[in-house]
Amino acid sequence: MTERKKRLRTGAVLAILAVLALLALWCDINAGYRSISLEELGQILSGTASRSLTYTLVDLRLPRVLTSLLVGVGLSLSGCLLQGVSRNDMADPGVLGINAGAGLLVAAFVVFVPAGLVPSAVALPLLAFAGSAAVAFLGWRLSVVRGASSPRRLLLIGVALATGLSSATSLLMLRMSDGDYAFVQNWIAGSIWGASWENVAILAVGLALLTAGALYASRTLNVLGLGEAAAMGLGVNVPRARAALTAVAVGASGLACAVGGGLTFVGLVCPHMARRLVGPNFRALVPACVLVGAVLMLLADIISRTLLAPNEIPVGIVAAVIGAPYFLYLLARS
């Protein structure tokens, strides 16, 4: 296949993924006890809709749907970068203990901070992000030997940190009331609990900057895939590049965990799906991962809210059920 045909094929795949994301977005908006027609959408945009219809769409559904989309973007981008930096197809935010760090601080807040003292809608996203960043930094520092960080050592330390922090979270949960226990358990399983326009704005701006940074570093990611010696021979400062790209990955997953809970499987499977569609070139792989993550999370959100309505399934469980068969198929083929 010529280079021109490859570019055309990649462009077509990205366009199809974008259309699928828009369709999934519209279906998710209409998921629930009341569907919204295009005519009613026009009324809302023109300001002539009823107050109840405007409240249903603008205050309830859109923040939830856009948060789901952005959480999928953040997790898939993080997984894509971590797999590229470590050259390990099993790397994802959960493996590095990032989600476990967020979960521990969330559980500690629920146990030790009296109800009503600090607004949970403000404190929990900040604590989740802080826990993610702190554990990622600790894992990176522990992996540095003689001034260089080994990807394999980083992954092993991440697994150890994730195990230890998850155990500490379980111990804290033993002290919780039934209601608090259910909340934290639901958070760990993955739930879009932090859906608000404020969080949507923070996610959108943060992930736009991080995605732009990942696209800018796509050439560096491609060179790192050749191996450390080859990358250094081509002029790449490997330790600095790995540290910077890992920081971008941690930022993306930290933002996603702050409002989406302990979702992990999305960051693992989406890069594999995208790689099958557009190949290993990160210039195409990064946008493909972003779109695949958005589609997967929107589909998971639709199913989680409609399968057992009016009860809701944690969206992380649904995402894992959707992605697991495909991932097992990839393992069987490889």
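Every residue, even glycine, has its Cβ placed from backbone N, Cα and C.
Curation plays no part in TrEMBL annotations; they are all automatic predictions.
The following features are taken from TrEMBL:
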| type | residues | note |
| --- | --- | --- |
| TRANSMEM | 62-82 | transmembrane segment |
| TRANSMEM | 94-115 | transmembrane segment |
| TRANSMEM | 121-142 | transmembrane segment |
| TRANSMEM | 154-174 | transmembrane segment |
| TRANSMEM | 194-216 | transmembrane segment |
| TRANSMEM | 221-238 | transmembrane segment |
| TRANSMEM | 244-270 | transmembrane segment |
| TRANSMEM | 282-303 | transmembrane segment |
| TRANSMEM | 315-332 | transmembrane segment |
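By the Cβ criterion (under 8 Å, sequence separation of 6 or more), the transmembrane segment (94-115) is not in contact with the transmembrane segment (221-238), since fewer than 3 such pairs are found. Ranking 62-82, 154-174, 194-216, 315-332 by CB pairs under 8 A with the transmembrane segment (121-142) puts 154-174 at the top. With a cut-off of 8 Å between Cβ atoms, the residues of this chain six or more beyond the transmembrane segment (194-216) that come close are 63-64, 66-68, 70-71, 73-74, 77, 80-81, 121, 124-125, 245, 248, 251-252, 255-256, 258-260, 282-283, 286-287, 290. Beyond the ends of the transmembrane segment (315-332), by six or more residues, the same chain brings 68, 189-192, 260-266, 268-270, 272-273, 276, 296-297, 299-301, 303-304, 307 to within a C-beta distance below 8 angstroms of the stretch.
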